[in-house]
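Engineer: Dumping what TrEMBL says about this protein:
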- 47-166: domain 'Pyridoxamine 5'-phosphate oxidase N-terminal' (DOMAIN)
- Lys94, Gln116, Gln151, Ser152, Arg206: FMN binding site (BINDING)
- 183-228: domain 'Pyridoxine 5'-phosphate oxidase dimerisation C-terminal' (DOMAIN)
Amino acid sequence: MTDDTSQRSFRELLHAQRVWDTELPAFDPESAPPAPLALFHAWFAAAVAAGQPEPHAMALATADAEGLPDVRTLLLHDADERGWHFASHATSAKGHQLAARPHAALGFYWPAQGRQVRVRGPVVRCTPAESHADLHARSTGALAAALTGAQSEVVGSPAELHRTADGAWDRAVAEPDAEAPTWTRYVVEPAEVEFFQGDARRRHIRLRYRRTEAGAAGGEWTRELLWP
C-alpha cells in the first residue's frame, strides 16, 4: 500500500465515524446549582449509570518551564470542596512541570451522554500524610507501580521493565505499607469549570462557572452561558 493510498484510507475511515448516534440527555442550565461541584457529582453519577467506561479517566494538561504544553490521561482520585484530586510522582514529567508552573487544566469526556467537563486553576500539593494515605488506599498493582519510582525516565528494554515491575510487585505484596517518598497527591483548585452538553443539531449548551475576585478558596461563582 502506497503512502497516498494509506492516507486516503485513513481519511475515509476517519470521516466515516459518526458522533452521538444515541439519544442525548437534556440539560437546562437555568436549573444548575450555584456552584459547580454538585453538578459535577450529578453528571459523574449519570455517566456511570449510562454505562460510560472509565468515567473517572481525565486529561491533565500542564506546561513546562518554557511554557510548552503537555497532556496525558490519568484517573481522578476525588472531587470535593478543595478541588479535583489526582496523584503522581513529584519526580515525573508532570511533577517537574507542576513545580515550575503550578497551574493545570483537566478535561473529562463522556461520549455516552455527549458531555464534557473542563476544569482550570492553580495546583497545590497535599501533605505527605495525605499522599501516603492516597497511595495505600489503592490496589496492590498501583502500589507496585509507584514503588518502581522511575516514572517518565528512559527504560533500557522490556526485559528491564518486567524485571523491575516483578520486583516491585513482590515488595508491594510483602510490604503493603511500603513508602514511595515521591508519590504526591495534588489538587486542582478550580478557577473555572465548564460543563458542555452536546446536541445532535449542534445546539450545544456550554455553562461556565468562574470564581469571583474573592479568591479561589471560598469565593463566589459567576455562571455564564457560552456560544458553542
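Here the Cβ of each residue, glycine as well, is placed from N, Cα and C on the backbone.
Predicted automatically and left uncurated, TrEMBL annotations should be read as such.
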Engineer: Let me know the model's mean pLDDT on the domain 'Pyridoxamine 5'-phosphate oxidase N-terminal' (47-166).
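Structural biologist: Its mean pLDDT is 94.
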Engineer: With a 10 Å radius around each C-beta, find which of these binding-site residues (Gln151, Ser152) has the fewest other C-beta atoms nearby.
Structural biologist: Ser152
Engineer: Tell me the coarse DSSP state (helix, strand, coil) of Gln151 (FMN binding site).
Structural biologist: coil
Engineer: Which ones in the same chain are close to Arg206 (FMN binding site), with CB under 8 Å and 6+ residues apart in sequence?
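Structural biologist: In sequence order, Glu194, Phe195, Phe196, Gln197, Leu225, Leu226, Trp227, Pro228 meet the Cβ cut-off.
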Engineer: Per DSSP, to which secondary structure element type does Arg206 (FMN binding site) belong, with helix, strand and coil as the options?
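Structural biologist: Assignment for Arg206 (FMN binding site) reads strand.
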Engineer: Show which residues of the chain containing Lys94 (FMN binding site), separated from it by at least 6 in sequence, have their CB under 8 Å from its CB.
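Structural biologist: Expected: Leu60, Thr62, Asp70, Arg72, Ser88, Ser152.
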Engineer: Hey, does DSSP put Lys94 (FMN binding site) in a helix, a strand, or just coil?
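Structural biologist: Lys94 (FMN binding site) sits in a helix per DSSP.
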Engineer: Long-range neighbours only, meaning 6 or more apart in sequence with Cβ under 8 Å: which ones does Gln116 (FMN binding site) have?
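Structural biologist: Residues satisfying the criterion: Gly107, Phe108, Tyr109, Trp110, Glu194, Phe195, Phe196, Gly198.
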Engineer: Would you list the DSSP helix, strand and coil counts for the residues of the domain 'Pyridoxamine 5'-phosphate oxidase N-terminal' (47-166)?
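Structural biologist: The breakdown for the domain 'Pyridoxamine 5'-phosphate oxidase N-terminal' (47-166) reads 38 helix, 41 strand, 41 coil.
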